[in-house]
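Straight from TrEMBL, the features:
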type     : residues : note
DOMAIN   : 1-359    : domain 'Cytochrome oxidase subunit I profile'
TRANSMEM : 25-50    : transmembrane segment
TRANSMEM : 85-103   : transmembrane segment
TRANSMEM : 115-134  : transmembrane segment
TRANSMEM : 140-159  : transmembrane segment
TRANSMEM : 180-204  : transmembrane segment
TRANSMEM : 216-238  : transmembrane segment
TRANSMEM : 250-271  : transmembrane segment
TRANSMEM : 291-320  : transmembrane segment
TRANSMEM : 391-422  : transmembrane segment
Amino acid sequence: MTGINFFVTILRCKSPTMKFMEMPMFTVTTFITALIVILAFPVLTVALALFTTDRIFGTAFFTVADGGMPMLWANFFWVWGHPEVYIVILPAFGIYSEIIPTFARKRLFGHQSMVWATAGIAFLSFLVWVHHFFTMGNGALINSFFSITTMLIGIPTGVKLFNWLFTLYQGRISFESPMLFSLAFIPNFLLGGVTGVMLAMAAADYQYHNTYFLVAHFHYTLVTGVVFACLGALIFWYPKMTGYKLNETLNKWCFWLFMIGFNVCFLPQFVLGLDGMPRRLYTYMPEDGWWLLNVISTIGALLMALGFMFLVASIVYSFFKAPREATGDNWDGLGRTLEWSTASAIPPKYNFAITPDWNDYDTFVDMKEHGRHYLENHNYKDIHMPNNTAVGLWMGIFMTIGGFFLIFETIIPAILCLIGIFGTMIYRSFQVDHGYHIHAEEVAETEKRLREARIKEREAVSHES
């Protein structure tokens with residue numbers, strides 16, 4: 001449902017003048033991710049349904065003793081599981097594609113090639129799942145095929161890395177904390193990608209499989225790809241959500257501690273894996289010689305936790321101390337996409353007062369260069385808004401409780417929770433809810449305040465220069 005929601009929302013609610021190949025990269029990656037979700041998650045749903053019937057009703061889809069096939073479960077799980085990796089990392093790629101051009105003060109290099117690379121990654125993500133069990137008895141032909149497809153996925157990923165580097169080339173780079181996370185991502189993710197190509201070699205995977213080498217690769221891919229992106233995105237869009245920036249000094253402490261701690265934590269694990277330390281161990285013999293590297297890894301994890309605490313401190317400190325900024329273009333006028341043309345924390349509900357004309361993914365840059373975002377508009381109309389609903393919350397509560405009861409095979413409460421889920425869905429379907437309207441007068445007054453704040457900011461910048 002979430003995938004369908006994002007897919008339809010982006011298709012139907014984008015500006016009528018916006019072409020797909022001109023959408024901001026974060027929107028493009030979210031759209032393609034939604035498509036992966038729609039195609040991949042039904043496989044997991046079927047697998048879990050079969051697994052549940054095995055546990056509760058005694059069927060034998062996966063149970064060896066009754067004639068089932070455990071490899072069927074492995075295939076079901078990883079047909080979903082590897083696209084899931086790209087479900088979490090493609091939006092992160094979109095985040096980097098927004099942050100890097102902003103603080104490099106340049107257009108994103110090769111925008112259309114980035115779109116095609118994203119689509120290529122999405123396609124190949126469904127053709128690589130067997131590399132998760134090269135060692136589980138597949139024939140040489142199957143392993144060779146999936147080894148090749150796994151290596152191929154590095155090509156569109158490499159296109160993205162080169163495009164980010166070319167975007168940085170000759171840019172006037174400023175090193176705000178979101179940019180620091182983005183810059184740190186590139187070399188660290190490259191290490192994760194190179195080790196991924198090593199793991200793609202089926203013959204070599206017999207040495208690497210289920211060792212700490214794999215654990216290190218996984219974290220160098222997903223922590224740098226996703227966690228760095230989430231931290232950078234939180235800081236980057238925080239002033240858009242709240243109207244004030246987080247404290248940059250504390251943000252940079254967060255970055256340096258988290259980035260250094262990450263490498264201290266996971267770089268030794270490559271060595272541990274090559275030395276033969278299996279994953280999923282809670283202890284080991286002293287004569288194995290793994291104690292020192294594990295201690296170093298633990299120190300790195302503590303540094304990462306300390307860095308995260310600096311981010312929490314930044315959020316708390318900024319809530320009380322940060323100056324409020326109402327113009328919407330919060331990063332010293334560097335915003336490039338149209339969300340930065342809207343007010344930050346002034347409108348009570350809406351985002352765009354009018355549907356914007358869109359002729360380029362850097363439309364806001366063109367608007368600022370020609371002063372069009374300061375001009376008054378007299379064509380405001382009432383804005384229709386939906387009402388909030390607690391139906392989704394209640395469905396989540398019923399699903400969580402029902403899942404808990406299913407784990408312990410307590411069937412009656414689980415069935416009641418299932419009834420609750422469908423009951424809330426039916427209730428929502430028959431609920432008459434026409435939403436409400438923000439009147440044009442209120443919209444005009446809000447936009448007037450925004451326009452005046454922007455003019456004052458522009459005059460202040462002119463006086464300083």
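Keep in mind that glycine also has a Cβ here, set from the backbone N, Cα and C atoms.
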Item to check | Chain residues in Cβ proximity to the transmembrane segment (85-103) (below 8 Å; excluding those fewer than six residues from its ends, i.e. six or more beyond) | outcome: 24-30, 32-33, 36-37, 40, 114, 118, 121-122, 125, 160, 164, 167-168, 173-176, 178-179, 181-182, 185, 221-222, 225-226, 228-230, 232-233, 236, 331, 334-337, 362
Item to check | Feature contact check the transmembrane segment (180-204) with the transmembrane segment (250-271), CB under 8 Å, 3 or more pairs | outcome: yes
Next on the checklist: Under 8 angstroms, Cβ to Cβ: which one of 25-50, 115-134, 140-159, 180-204 has the largest number of such pairs with the transmembrane segment (216-238)?
Outcome noted: 180-204
Item to check | Sequence-remote partners of the transmembrane segment (180-204) [C-beta within less than 8 Å, at least six residues beyond its ends] | outcome: 96, 99-100, 103, 131, 134, 143-144, 146-147, 150-151, 154, 157-158, 161, 164-165, 168, 213-214, 216-222, 224-225, 228-229, 231-232, 235, 252, 255, 259, 262-263, 270
Next on the checklist: What residues elsewhere in the chain lie close to the transmembrane segment (25-50), defined as a C-beta under 8 angstroms and at least 6 residues from its ends?
Outcome noted: 2-7, 10-11, 14, 59, 61-62, 73, 76-77, 79-80, 83-84, 86-87, 90-91, 93-95, 97-98, 108, 111, 114-115, 118-119, 122, 125-126, 361
Item to check | Reported mean pLDDT - the domain 'Cytochrome oxidase subunit I profile' (1-359) | outcome: 93
